[in-house]
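S.K.: Sharing a structure here in structure tokens format.
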């Protein structure tokens, strides 16, 4: 049980990192921070994020089978994950570098949703970081929690 609790705590910390990272990037854009500084920040966050992406990939199959008490379903039975509108996608790969869960990857020169069930249920933060064409699409409604 202790190992599961550690994994849950790690997931919570990664979610906090995701939100903080999004806020920092938005602030840097609003302040017109020099592109060299922004690129350096991107490199640092990638280094910090990389071990967690590997962890999620190792446990991907287990994640699909995890029971989400708050939704009353296994993850594989919850239809919440991104889709890419390739008519809008510029292959800028911002989603790949942004997502701490490693949902996206590049294959044959285009961005793909490689690990859809690694996506945090009801999270759509990557669609905010996406290029201005809104190429990342999520379900219209959030998944309701059980009472």
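Each residue, glycine too, has its Cβ placed from N, Cα and C.
Keep in mind that this is a model prediction, so the values were computed, not measured.
Annotation comment: Swiss-Prot describes 89, 92, 95, 99 as [4Fe-4S] cluster 1 binding site. Annotation source Swiss-Prot lists [4Fe-4S] cluster 2 binding site at 119, 123, 126, 130. Per Swiss-Prot, domain '4Fe-4S ferredoxin-type 1' is recorded for 80-109. Positions annotated as domain '4Fe-4S ferredoxin-type 2' by Swiss-Prot: 110-141.
On this model, are these features tucked inside or out on the surface, and what's nearby?
M.R.: Of all the Cβ atoms in the protein chains shown, 26 others lie within 10 Å of the Cβ of residue 99 ([4Fe-4S] cluster 1 binding site).
Annotation note: residue 119 ([4Fe-4S] cluster 2 binding site) sits in a coil segment as assigned by DSSP. If you draw a 10 Å sphere around the CB of residue 119 ([4Fe-4S] cluster 2 binding site), it holds 23 other CB atoms from the protein chains shown.
Across the domain '4Fe-4S ferredoxin-type 2' (110-141), DSSP assigns 8 helix, 6 strand, 18 coil.
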S.K.: Nearest to residue 92 ([4Fe-4S] cluster 1 binding site) by Cα, among 119, 123, 126 (binding-site residues)?
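M.R.: Of the binding-site residues 119, 123, 126, 126 has its Cα closest to that of residue 92 ([4Fe-4S] cluster 1 binding site).
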S.K.: Other residues near the [4Fe-4S] cluster 2 site, CB within 8 A of the CB centroid of 119, 123, 126, 130?
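M.R.: Near the [4Fe-4S] cluster 2 site, the remaining chain residues are 82, 95, 98, 99, 103, 120, 124, 125, 127, 129, 136, 138.
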S.K.: Compute the mean position of the Cβ atoms of 89, 92, 95, 99, which form the recorded [4Fe-4S] cluster 1 site, and then list in sequence order the other residues of that chain whose Cβ is within 8 Å of it.
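M.R.: In sequence order, the nearby non-listed residues are 84, 91, 93, 94, 96, 98, 104, 111, 126, 129, 130, 131, 135, 136.
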